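Some notes on the structure that comes next.
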Amino acid sequence: MPKYKDINKVLVIGSGPIIIGQAAEFDYSGTQACKSLKEEGLQVVLVNNNPATIMTDTDIADIVYIENPTVCVVEKIIAKEKPDGILATLGGQTGLNLAVKLKEEGILDKYNVKLLGTSFESIKTAEDRKLFKRKMQEIGEPVAESVTVTNIEDALKFAKNYGYPLIIRPAYTLGGTGGGIAHNDEELISIVSLGLKKSMVGEVLVEKSLYGWKEIEFEVMRDADDNCITICSMENFDPVGVHTGDSIVVAPTQTLSDYEYQMLRSASIKIIKALKIEGGCNIQFALDPESHKYYVIEVNPRVSRSSALASKATGYPIAKVAAKIAIGLRLDEIKNPVTGKTTAFFEPALDYVVTKIPRWPFDKFYTTDRKIGTQMKATGEVMAIERSFEASLLKAVRSLEIKAYGLRLNNVKAMKTEEILKGISVPNDMRLFYIAEALRRDIDIDYINEVTKIDKWFLNKLLNIVNMEREIEKNELSEEILKKAKRMGFSDREIATIKGIEEEDVRALRKEYSIYPSYKMVDTCAAEFESVTQYIYSTYGEEDEVEIHEIPKVIVIGSGPIRIGQGIEFDYCSVKALWALRDAGIKSIIINNNPETVSTDFDTGDRLYFEPITLEDVLNIYEKEKPLGVMVMFGGQTAINLTEGLVKNGVKILGTSYESIDISEDREKFSKLLKELNINQPKGDYALTVEDAKDIALKLSFPLLVRPSYVIGGQSMEKVNTLQELIDYVKHATEISPGKPILIDKYIDGREVEIDAVSDGECVLIPGIMEHIERAGVHSGDSFSIYPARNLSEREINTIIEYTERISKALNVKGLINIQFAVKEGTVYVLEVNPRASRTVPIMSKATGVPMVKLAVEVALGKKLKELGYKSGLWPQTPYTVVKAPVFSMEKLTDAEVSLGPEMKSTGEIMGIDLSYEGALYKALEGAGLKIPKKGKILLSIAERDFQEVPSLVEKLQSLGYEIYATYRTGKYLSLMGIHVNVISLDNAIKLLKDGYFDAVINTPTKGKKPDNTGFKLRRTAVEYRIPLFTSMDTIKAALNAVAKVNVNGLSILSINEYEEIQKDNVKNLVL
């Protein structure tokens, strides 16, 4: 049956900012869906408030609204755009929950908008725990003993009957938000009370724990004619009890018998048919390792994290096919774009093993509980493809960028055996390495299996890796041993470390023995049909399937897994670079290993190498492809950190040279350059030892800002206030960047400003200047940023332009550059320079209409900006305002400090755009979860250093009609100032917070980072109970200003296309 005749315009709901549990996989699927609908001749309208994604570029959808996906806003867009249908199953939980609300509030019926794909009833059945259980029982599919509760009493009653442990799963949430495993009444009360608050409908499922059973997933697809296929089976390395997003996942399943596989495959098809899901769906099972007994854990009636993994694992474009099914096409009417011959009505076959490993943010949060369970904590993930599980696993490990090139880690090696055994007894981010070390120490596999419940098949594979390590260690590196090690997935660096030699020695020996990788294609059909797309992975000892053509081509190095400090902004830049190369008539090659992103879609570049981004892997591809050169400026710190090794091996870097990159990344060299250029910088010096640091501190006095070299996201950057804090810091920083200088600056309490520019070495174009709401000292990625800057004098603006031009020319920048400044009392200081794409490139490109990445690619290929129609200086500023707001995932990270500082903590960002500044800021606050009601109760607990700012703040709050509560010390100070507020103890404040008594909390930390401190507990409680929390006086002042001045009904709801037209007219008039 052809597509629906009455659907011509479709509204797609995006998933919003990157948060733990809802990351780039939804941008990938949403982008694919928009392209898929446009292929069918439909007009696509998109709503998504995430500026960092390629999805919100006007190249992807026809009309783009960067607005908050709320019922109120989306109703206005529906009224304005009059879509025929709405597609919500590709926007993660955000899209699904919004669709449910629009349907329940009668908005879809009011405007005659059809819910496309999976029906409202099917969504309700899959998402509502009670209805889902009933449906499974109807069709004879087993579900664990459980009860849906709306209060704590019913949960306790169930526990009394069935005993512990129990698993708690809130309804309509993602990433296991608010869930957990309870082992006693106290834990049950705590988890259930939180879960009820996190659930959109105030209900949670309490079920008997199946902890230790195998967790198996099936990705299934169904069309409206009831045609069904299973796309991929996946097996979690970790047993039930660890969220699948925090588990190592392998595809296809490795330890199931054919009977077990067919049993679960049949159940999957039965379930998707019973739920009448139209499109893709993910089904999770718990399988008893001792029998054929299984239970259905849950169904996601939408494209999910696992769908993105299954898509990349098989090459089957799930989101693309799901979008076409949503508009009425059947599976046998949709062409498989990978083979170009078969239809989408076939089940992919894999002749390789895929391994996904999560990337956790614990390098940013040292105080956080590193245990993993039912609530997801990973920010991103990597995927590897190889011919065996061992090789696939080792490839994935070295893709993580955690300084692991195999399963041997020095800090684990140094542990006592009892510490290792403790480490394997509880799921945590390091357990894989603890198990390998236990095997090295001859701990019995049966014992490890008993403790971890990880299948012995996997443990024996880990033992194979450990035995190979022993073989390498004991023998000469003969051709036979080196071949065997490479076939098993060992990196040159790991082999070198085991043998105590250099990586280049292993590389040279490998070449002497003619041991080179072979490259294979992912074709969805185990080579049964020829593939027309170029989706490639490496292996050893097999036939090479990849032909090399002598044509102009360029390699773009991607940014790897999503982590704090390096998010999808860099994937946006990589994708734009691939498109710019295509427009320039040059074949583009991307190297990346992130299954969630658009850059690793099979048709984004001309050729995709799904490989680790390490020196060895990149050099192998470079030597095979022989391109014009390599672009490192779009892959964040991942790509930048490879530059030195690439240049030493004769690789041509396109864009800014390695020498210039090194000057800007090395704190000592950079400081000298600024002195030569006569550019202001904070007073400071660089230290290599604790003694150096003490001497500098004596000269500069506290507070100081300290940071290592060659890191991203302000990793390990801190403001220190005492000598002891400084000494502790230096010891830690020398581990982060060994042998590299630590910069110690006098802290400047000024406004922070940043620019992104494009330079060709002579001409420097600055699209705009962004001003941060928070003072210097809060990481730029965690600051609210305003464009155009509002509080700079003409003289300060001219100085910023002049400094940017001087630095860009001195470094001979050919491409993008990002510079951060502090401005205090009319003096402009340069804080930092990054000669690469930064996380603000996507938002500045969207705000100003300047195609920054395209220009950077053209410049790197040798063009001049003047030839491209641009001149030096500041681009005309827009007549509208854009505000970037950070978005945090703190509620998922137990014991993480939530207050702002120099080290970045946000996982994503949203954008507020409006014709007025207050309107843009109000939208940004709302999108970031910091919306303050017009009236209500506000709690203040302020650090002494900020006391002088409190009286004016309280007067403002009282004038706006808020009822003020303060903790003892803050209240006492206000009383001395003659200001009366309600005073309560910190302990009582925390209790009232849990009861939902306060509408917002303003708390500036005294020390921070100590989970035992009451202030720390106060901040954590606010975050966990979703009460707006402000830890910076600057943010709350700006927020109150917006609340006081904004007329919510007067906010402009315009598409980015309309804003672009406003700016085009503005530029035209100014140029004339």
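Cβ atoms are placed via backbone N, Cα and C, with glycine included.
Keep in mind that this is a model prediction, so the values were computed, not measured.
Residues annotated as region 'Carboxyphosphate synthetic domain' in Swiss-Prot, with sequence analysis given as evidence: 1-401. Across the region 'Carboxyphosphate synthetic domain' (1-401), the model assigns an average pLDDT of 92.
Feature annotation from Swiss-Prot assigns ATP 1 binding site to ARG129, ARG169, GLY175, GLY176, LYS208, LEU210, GLU215, GLY241, VAL242, HIS243, GLN284, GLU298. Mapped onto three states, the DSSP output places ARG129 (ATP 1 binding site) in helix.
For 133-327, the entry in Swiss-Prot reads domain 'ATP-grasp 1', with the evidence type sequence analysis.
Counting every protein chain shown, the number of other Cβ atoms lying within 10 Å of the Cβ of GLU298 (Mg(2+) 2 binding site) is 16. Among the features that Swiss-Prot reports, Mg(2+) 2 binding site is placed at GLU298, ASN300.
Look at Swiss-Prot and you will find GLU298, ASN300 tagged as Mn(2+) 2 binding site.
Residues or ranges marked as domain 'ATP-grasp 2' in Swiss-Prot: 671-861.
Sequence annotations record features per position, and here Swiss-Prot assigns Mn(2+) 4 binding site to GLU832, ASN834 based on sequence analysis. Within 10 Å of the C-beta of ASN834 (Mn(2+) 4 binding site) there are 22 other C-beta atoms, taking all protein chains into account.
Positions annotated as domain 'MGS-like' by Swiss-Prot: 930-1072.
The residues of the region 'Allosteric domain' (930-1072), classed with DSSP into helix (H, G, I), strand (E, B) and coil, number 77 helix, 19 strand, 47 coil. Swiss-Prot lists 930-1072 with the feature region 'Allosteric domain'.
Using a 10 Å Cβ-Cβ cutoff, VAL242 (ATP 1 binding site) registers 24 neighbours.
The CA atom of ASN300 (Mg(2+) 2 binding site) is located 9 Å away from the CA atom of GLN284 (ATP 1 binding site). By neighbour count, meaning other C-beta atoms within 10 Å, the densest spot among the binding-site residues ARG129, LYS208 is ARG129.
Cβ neighbours of GLU215 (ATP 1 binding site) (same chain, under 8 Å, six or more residues apart in sequence): GLU235, ASN236, ASP238, PRO239, VAL240, VAL242, THR244, SER247, GLN284, PHE285, ALA286, LEU287, ILE297. Nearest by CA distance to ARG129 (ATP 1 binding site), out of the binding-site residues GLU298, GLU832, ASN834, is GLU298. Per-site Cβ counts within 10 Å over the binding-site residues GLN284, ASN300 peak at ASN300. Sequence-distant neighbours of GLU832 (Mn(2+) 4 binding site) (same chain, 6+ apart, CB under 8 A from its CB) are ILE819, GLN820. Note: the Cα of ASN834 (Mn(2+) 4 binding site) and the Cα of GLU298 (Mg(2+) 2 binding site) are spaced 45 Å from each other.
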